[in-house]
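> My questions all concern the structure below.
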């Protein structure tokens with residue numbers, strides 16, 4: 001890391017990080033625009049020009065709303081820039097702005113205009129945009145800009161007879177129940193978003209009693225996995241409350257995405273047109289994004305597997321981008337030491353010939369993995385001598401690695417935190433299993449040595465001057481023997497520490513806390529080096545890149561941020577989640593970052609471009625654990641629903657579901673060779689799953705890959721290799737040692 | 001779907017809002033109050049929703065006040081202070097006004113800040129490793145157990161533990177006394193609590209040995225009385241051990257020569273003591289105890305000694321418990337007892353003697369029930385001797401505490417009728433809801449139909465209980481004290497010679513206003529205590545934990561203690577006297593012509609007569625390596641694992 005802090009930094013900045021870090025968390029309106037809106041802004045800008053006639057006014061409407069917001073906040077410069085770029089005439093916004101000043105009534109009128117228009121033209125708009133296959137980003141998704149709340153909500157101001165809502169809804173319900181079985185499951189997807197939006201419309205228009213009746217009548221019909229959202233919804237009965245409720249704003253600003261086959265969609269469309277059911281049709285147009293595909297309608301189980309997120313499924317286009325999931329080539333280490341190790345390896349490795357062979361195949365082959373990103377796609381720190389030494393150690397250890405499999409399960413060691421009355425909130429191990437760190441609810445971070453080697457601080461500057469810098473054991477001499485102890489406590493945060501992560505070289509430790517900061521600690525001096533501020537809200541998780549230098553963090557502000565240790569501001573802001581980012585993980589090749597969120601989706605972000613390249617839906621609860629397989633091809637995720645889902649990153653599809661846990665999964669880890677997946681949960685068990693089998697059984701034909709329709713077999717029981725009870729201790733972290741011994745950690749609290 | 005099911009969240013009523021506004025000096029219209037109430041509900045739900053996120057990220061299952069305050073802080077609302085304590089909040093109500101409130105005591109900050117009884121010796125946060133599963137199968141220890149080293153003990157503590165347990169369970173009575181005394185005053189043994197509780201839970205393995213049971217019960221008493229210990233959830237474990245001694249047909253009771261009755265009496269007293277001093281640590285404890293006592297009582301298969309235990313247990317918990325559980329059960333139970341008592345066959349002799357024990361115990365219990373009930377009716381106003389609010393209330397207690405928090409948090413200030421409050425507790429999950437008190441005359445009539453003239457109820461003998469504890473502490477006991485001979489009692493002389501059983505408890509002269517007459521105080525632990533640790537009573541005076549000024553405050557009935565632990569004081573003077581005498585002749589309507597009989601208890605053999613303990617060897621040995629397994633042997637004690 002020290003190497004990076006030298007001249008490389010400039011190169012980093014100039015070459016790759018094109019967009020400079022944003023000025024501040026608050027002043028993001030302008031600077032972030034380009035980067036924030038994942039893939040949509042660029043495409044929407046280009047799509048905006050060739051939009052159909054019906055789309056244009058709405059687009060303009062949004063721009064006006066943004067302008068209004070900017071003007072309100074006295075950001076005249078930004079107003080000018082935006083106006084120039086959007087090509088809006090000087091006077092028109094003014095007049096329109098004044099017109100719409102009355103609580104967004106202008107905007108409402110505008111949208112009402114467009115909706116009042118011919119239904120068929122609206123239809124053509126939807127179908128047109130779909131057939132052109134250009135991702136016509138939902139325009140209102142610019143919600144990340146914090147648009148005027150009134151404008152966002154005003155779309156609900158369309159008036160219908162409140163008493164008829166129930167009639168409309170039950171009419172549609174009757175229709176969908178009467179269609180053929182194969183279509184029913186697909187069309188049933190419409191129920192939930194429709195229900196929510198109709199309810200919100202009622203609430204927004206102050207029909208409190210009708211809303212309550214409507215809710216009571218139909219909330220029971222919704223899928224059970226929406227229960228949590230419905231509970232939030234049931235509490236909301238006043239228009240005033242809608243303004244501040246972020247969950248609902250998200251629901252409103254992002255279109256709920258449904259995937260429906262063309263046949264089913266035609267059925268629905270015909271029905272609604274026949275019945276002149278404009279109320280429902282308007283909602284579908286306004287708030288739903290229907291992703292139409294050709295082919296067989298999906299079955300109920302197929303749909304259920306993918307649904308459950310806050311904003312419906314991912315659009316197919318969202319998972320089409322190419323992801324370089326391959327591993328980077330391991331640097332070749334040519335050190336005199338290497339030969340000795342080679343010999344040692346050979347001596348000890350003889351009984352098991354396979355491993356050294358595999359090593360040479362894996363890391364020493366000159367061939368570049370076709371799926372791997374180029375070595376310099378993102379700049380990585382140069383290896384220091386100590387890193388090389390560590391690599392050698394790693395390779396030596398790897399030769400002694402136990403080959404795991406269904407017949408050869410790992411031994412499990414449990415690290416119990418005793419007397420942790422203050423509350424253990426996060427745990428991490430170093431890669432070589434020599435240190436363990438715990439984050440606690442009392443704002444402290446504690447580090448323990450797991451080897452007989454005690455933790456020592458570096459001597460003070462005055463003492464360091466006295467030592468002989470030429471001596472061979474200078475690294476030993478700089479340590480202050482008087483400070484040796486089994487554990488060290490790091491004070492600095494002012495709130496519970498929710499995430500911690502060791503740097504790969506074991507010199508640094510990151511901790512993220514409720515106080516809104518991430519702190520970088522030196523494990524040489526056991527002091528805080530940097531406090532990274534930017535989230536301004538609780539930071540739920542942080543994770544070091546496997547190559548060091550970079551790290552990612554995610555928090556309550558619903559964005560994930562990419563940082564470099566030597567920059568006090570983030571290099572990238574990954575924005576798109578509709579709720580808190582609850583966990584963050586780096587891909588083994590450091591080119592991608594995965595984030596899990598309470599909106600029940602997982603997103604994969606490209607570190608280079610800042611774009612969201614994958615959206616995985618299917619979890620029914622907030623996601624609290626993520627793990628990449630060591631080969632970088634797969635991702636495992638665990639959530640409060642107690643299920644582990646497996647994802648194929650390359651194809652962007654779900655490939656497995658592991659059921660068994662009965663409580664939140666807080667930890668997931670693949671064994672060193674990826675044969676076993678271990679999951680740890682609040683239900684006091686560690687479970688081992690046969691990852692090899694789960695991935696091998698996969699038949700990803702072209703159709704599945706193209707449509708994203710998955711057929712999951714319910715084979716959790718076959719894949720479950722073992723379930724191991726702890727001693728009344730929830731498992732909050734798992735780690736495989738370099739020899740494939742499974743280490744688990746948790747706090748025992750009677 | 002009913003309305004009740006649908007409502008899954010707390011609601012604040014319009015009236016509550018109005019009341020709050022009133023207390024702040026604002027008049028609110030109905031519509032404004034309704035709007036505000038609705039908004040408050042919504043905000044409450046919103047805050048609860050976001051606070052659950054903090055809980056999830058702290059990897060807990062329990063939502064804490066701190067989580068809620070964090071949620072408030074992040075939504076720019078001032079946090080609510082003063083609710084961070086681990087202890088349950090006493091939620092009180094005034095029955096008449098249908099007013100519920102959380103008790104908000106004044107806390108003397110000076111006293112709090114200068115308090116010296118801060119528990120020491122709490123172990124440090126640490127990481128310990130053990131190999132749970134070898135190769136994914138060889139589980140070295142049974143699944144799902146508790147970590148073996150919950151606390152890691154220093155050598156000193158370890159030595160202390162070994163010495164103390166050895167002394168208490170050993171043969172030297174003097175050593176035992178010293179050990180018990182230390183156990184009850186040592187401020188540095190917090191870390192050892194789990195071990196002691198574990199030792200005590202060994203009652204089940206020594207049920208053949210009365211002496212050991214007795215010693216273990218004394219250990220319970222010492223732990224409970226130690227003001228520095230926070231028993232927390234261990235109360236449950238202690239209670240279950242004590243209940244075992246009260247209720248189980250102990251192996252020792254097979255031999256009629258064994259005086260297991262005294263053990264049960266002592267355990268019952270101990271139970272009531274734990275309940276009164278630490279009952280607030282475990283919510284719903286009172287109802288759990290009552291339920292299990294009731295279960296035993298209503299189980300005819302159980303031996304009579306178990307029934308006896310249930311009766312004395314109820315008696316010890318106070319007259320309200322008797323009224324609630326024993327009295328309704330009496331008709332059903334009476335038939336069984338009657339059958340036993342009416343069987344004159346020789347083979348039944350022993351069982352019959354046991355039956356008389358139960359009879360006597362029931363009689364004592366119902367007698368006090370009648371007495372206390374009459375008293376509560378006749379002198380309701382004076383009942384609130386400690387200046388309790390609501391002394392205008394009816395005869396059935398003034399305060400209804402919420403069901404989960406039945407035990408009053410500070411028995412010190414509990415009025416004579418305070419115990420009633422627990423029994424009136426009704427509400428969700430409470431099985432006692434349908435209970436309605438039986439009026440006194442009916443009760444008397446019914447009881448009379450069972451006991452006939454043996455029911456010696458000495459109404460209004462004393463100068464009255466109204467001015468009990470704080471004013472004239474010795475009076476009530478005086479009033480209840482009975483000379484052993486029936487002739488000297490004016491009431492009893494009126495009647496036929498009869499079976500009387502009398503729990504006679506020496507007066508407590510310290511003026512401790514701790515409690516009402518019903519639950520016999522552990523301070524007078526009775527003969528069993530006098531027998532096995534005769535010096536403990538006098539030594540308890542020397543306990544250093546309570547300063548004289550504090551106990552002075554207590555007797556004034558005004559101060560409320562901040563530390564629940566240091567709540568219990570029962571310094572006493574003079575040796576406690578406990579006698580249990582059953583004598584006379586049954587002349588009840590239903591049991592005419594019964595032979596006169598008299599039972600007196602033999603003094604238990606002196607300690608030295610007891611054979612050496614086998615139990616001492618069964619003690620959990622701390623520091624022993626569980627099972628030396630290959631090279632992992634030392635893994636419990638070192639973090640080092642050869643990975």
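The backbone N, Cα and C atoms fix where each Cβ goes, glycine too.
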> Looking at A:83-121, A:122-160, which one is region 'Disordered' according to TrEMBL?
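Of A:83-121, A:122-160, TrEMBL gives region 'Disordered' for A:83-121.
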> Looking at A:239-286, A:287-334, A:335-382, which one does TrEMBL call region 'Disordered'?
A:335-382
> With CB pairs under 8 Å as the measure, which of the listed stretches A:490-523, A:532-563, A:574-615 comes out on top against the repeat 'WD' (A:417-458)?
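Maximum Cβ contact count belongs to A:490-523.
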> Under a Cβ pair cut-off of under 8 Å, which of the recorded stretches A:532-563, A:574-615, A:616-649 contacts the repeat 'WD' (A:658-690) most often?
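By Cβ pairs under 8 Å, A:616-649 leads among A:532-563, A:574-615, A:616-649.
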> Same chain, outside the repeat 'WD' (A:616-649) by at least 6, Cβ under 8 Å from its Cβ: which residues?
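Distal contacts: 225, 228, 305-309, 312-314, 323, 325-327, 371, 579-580, 582-589, 594-598, 600-604, 655-674, 677, 679, 681, 683, 689, 691, 694-695, 698, 700.
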> Averaged over the repeat 'WD' (A:616-649), what pLDDT does the prediction give?
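On average, pLDDT over the repeat 'WD' (A:616-649) sits at 93.
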> Per DSSP, what is the helix/strand/coil residue tally across the domain 'TFIID subunit TAF5 NTD2' (A:160-288)?
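Per DSSP, the residues of the domain 'TFIID subunit TAF5 NTD2' (A:160-288) fall into 99 helix, 7 strand, 23 coil.
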